[in-house]
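Written out below as structure tokens is the structure these notes cover.
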Amino acid sequence: MSVPHGPTPAPVAEPHTQEPGSDKRDGRLSVCTKVCYGIGGVPNQVASSASAFYLQLFLLDVAQIPAAQVSLALFGGKVSGAVADPVAGFFINKSRRTGSGRLMPWALGCMPLIALAYFFLWFLPPFTSLRGLWYTSFYCLFQALATFFQVPYTALTMILTPSPRERDSATAYRMTMEMAGTLMGATVHGLIVSSAHGSQRCEDTVHPRSPAVSPDVARLYCIAAAVVALTYPVCGSLLCLGVKEQPDTSAPASGQGLNFFTGLAITSQHPPYLSLVVSFLFISAAVQVEQSYLVLFCTHASKLQDHVQNLVLIILVSAVLSTPLWEWVLQRFGKKTSAFGICVMVPFSILLAAVPSAPVAYVVAFVSGVSIAVSLLLPWSMLPDVVDDFQLQHRCGPGVETIFYSSYVFFTKLSGAGALGISTLSLEFAGCEAGACQQAEEVVVTLKVLIGAVPTCMILIGLCILLVGPTPKMPRQDTSSQLSLRRRTSYSLA
């Protein structure tokens, strides 16, 4: 589940300007190229999916660092990813073209570094006093490096071919592969570490409040991290072998658009964009809170720890399978009508907090996946309409589409950072004990609030803002065909 990237992602779009619909034969991409391009985005989704569901549980129960330090690690990591977005676009835009292109060296160069950062994020160091600093540093590094990969990788779509149709096809391959990576990440990681958090974990310990960490548990997490990290060199090799960046013959001309901060000042005054961004600040933060606390809730606030892996799998499978359905609903009934699909999870989340039983949990997992799918699909469907509306009212140079997308990602990442940081800090105030088998009643109540009331309130607030906000005007067909096609090149989720 993913996001756009890069304030001014290097040479994109204009180099190959071509009338829509003119699909020259020499602009076609082979199926092999599209598949290899799609595979290149898999590792980031695998890693993001695994960390979204299991990182908090690992930091509290295995690394056994205080909840306040977990809060700092999550907040710092998300903020570093948000800040890295415009920074990456700036440096990539300033870089020179090499023999392998301008974007490919950045994407391929980041991959081994991301793999190392990800592995050490799940490694249990021998010392205990500085573990909080260890995990904060590596999570910040992982998020920043992942962004430095994703910016050039998504921008690469625009200079693979001059054909808009082939660009759309390459983007479809990428998003399909990324959805598969999202599903694979949490599934593989969960299967490897499932025995570490079963109901038998505390049965043999004489100190159930805070059992020692078994070396086997630490080893399982290292194995899971190594498996995920290995996807980076494997997929990176296929990306390098199967995809060739085309020459950008007009990069200087394409770089004369708005810079990020000037463009942000202009776009932030556009009412439909403000409505969309503010509404999905709440909705995306609610989804991240729901994802992050489901595993903790099942482990410490209910007796569902043996069902965690199945519940995570159901959420992801239902999200992937329901995406085509939501695409049809968007076309058939309209985008604002489809937004009501997000609130389907609200009553079920409250039901799970009130009645934490296995049958209820499985139903909630399925419905949550369906709602998460539309919450991820809807903003990327509405943003192009907002961009079209803005371009009809203003005459701006190239780069404005990128500013819309990158600023949206920037703000949603910051909202996720704040939501996860504050919510995890609330566990500290409730008296959460790192590594404890049995948490205090205050912690159990807090987890129920975080899994039920908090996402519910945030989703309802976001939907109200979205539904009462201004609707962008739809351009005429002839005008729409002349608007930039660059907007379809970003996005991926976590």
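Each Cβ is built from the backbone N, Cα and C atoms, and glycine gets one as well.
Pulled from Swiss-Prot:
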COMPBIAS  1-12  compositional bias 'Pro residues'
COMPBIAS  485-494  compositional bias 'Basic residues'
REGION    1-26  region 'Disordered'
REGION    473-494  region 'Disordered'
TRANSMEM  103-123  transmembrane segment
TRANSMEM  140-160  transmembrane segment
TRANSMEM  179-199  transmembrane segment
TRANSMEM  223-243  transmembrane segment
TRANSMEM  277-297  transmembrane segment
TRANSMEM  310-330  transmembrane segment
TRANSMEM  339-359  transmembrane segment
TRANSMEM  360-380  transmembrane segment
TRANSMEM  402-422  transmembrane segment
TRANSMEM  449-469  transmembrane segment
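When each of the listed stretches 140-160, 277-297, 310-330, 402-422 is scored by C-beta pairs under 8 angstroms to the transmembrane segment (339-359), 277-297 comes out highest. Against the transmembrane segment (449-469), stretch 277-297 has more CB pairs under 8 A than any other of 223-243, 277-297, 402-422.
A Cβ distance under 8 Å defines the sequence-distant neighbours of the transmembrane segment (223-243), meaning residues of its chain 6+ beyond its ends; these are 32-33, 35-37, 39-40, 42-43, 46-47, 50, 104, 107-108, 111-112, 114-116, 118-119, 121-123, 156, 160, 181, 185, 188-189, 192-193. Sequence-distant neighbours of the transmembrane segment (179-199) (same chain, 6+ residues past either end, Cβ-Cβ under 8 Å): 1, 41-50, 52-54, 57, 61-62, 214, 216-217, 220-221, 223-224, 227-228, 231, 299, 303, 305-306, 308-309, 312-313, 316-317, 320, 323, 493. Tertiary neighbourhood of the transmembrane segment (277-297): same-chain residues 52-57, 60, 74, 304, 308, 311-312, 315, 342, 345, 349, 352-353, 356, 368, 372, 375-376, 378-379, 407-408, 411-412, 415-416, 418-420, 423, 447-448, 450-451, 454-456, 458-459, 461-463, 465-466, 469, 494, selected by CB-CB distance under 8 Å and a gap of 6+ residues from either end.
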